[in-house]
Amino acid sequence: MKHAENEYLNLCRHVMEHGTKKEDRTGTGTVSVFGYQMRFDLSKGFPLLTTKRVPFRLVASELLWFMKGDTNIRYLLQHNNNIWNEWAFKSWVESDEYTGPDMTDFGLRSQQDEEFKVQYDEQMELFKKNVLEDDEFSNKYGYLGDVYGKQWRAWKTTAGETLDQLKDVIEMIKKTPDSRRLIVSAWNPEDVPSMALPPCHTLFQFYVADGKLSCQLYQRSGDIFLGIPFNIASYSLLTHLIAHECGLEVGEFVHTIGDAHIYTNHFEQVEKQLAREPRPFPKLTLNPDVKSVFDFEMEDLTIEGYDPHPAIKAPVAV
């Protein structure tokens, strides 16, 4: 029987073989295709990739951060999650208050220059310490703009009010499960210019049939090697959490990607991953005593039977 992970591995193969070479804002370069869809049956295991280790702890803490409506990296740092650091760090080193060594193009330079990487690591550690310990600094430089959490939980209206899209969609699933309006959008054109990183996963929609909750994500831009594995796990987890509160079983996670790309400096890593055989997906267990999605904490989420191949490191394009 075909392993569900092949949905992802086939995406990698397709882009490597048929992708178009493109330039990008990071200066790294990509190969990409436009318009690709994957489907995962969530009743047959939790789609945490096994051909390389994907850290569930980071996936879960980021999702809980989104769901809290938080847009400051302090919560993530408190949970030893560093995946958003570079975007906050960028605003700090480009500010008038920063007086340390030149950090221009730190993403690329830290990969190419060992001496610079030492300086970069020192400045990043100092930055993280300040975000964790200095409230004023954290409020100013730990803040990422009105990114996912703000749009999900406090979308600004023209009337000066806010909409809690996530809370509203959960209530709609309970009351009108056949609605075709079970949608949450993170793409707010007015706020995009002030965001540290405009939303890559832009809109998601729920669908209820036969007592099962399915979710489809539209992602405008997907970093196939580093980002997409996180996105698959994150929205699968979100579907489980909402199904749990609504008294539903899980159905499918459908992942639709606009610009699906592999960075040129990830080719070697992708080839290494494609040479590996998938292993059985793990099982996700939720604390049955927690009833609301907004009350879940890290200790309420458990992954069992996860036996992946080793992690494969790759640089992040900032």
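Placed from the backbone N, Cα and C atoms, the Cβ positions cover glycine too.
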Can you find which of N10, N231 Swiss-Prot lists as binding dUMP at the same site as R25, R180, R181, R220, S221, G222, D223, H261, I262, Y263?
N231
Once the chains shown are all counted, how many other Cβ atoms turn up within 10 Å of the Cβ of R25 (dUMP binding site)?
7
Return the single residue from the binding-site residues list (R181, H261, Y263) that has the minimum number of other CB atoms within 10 Å.
R181
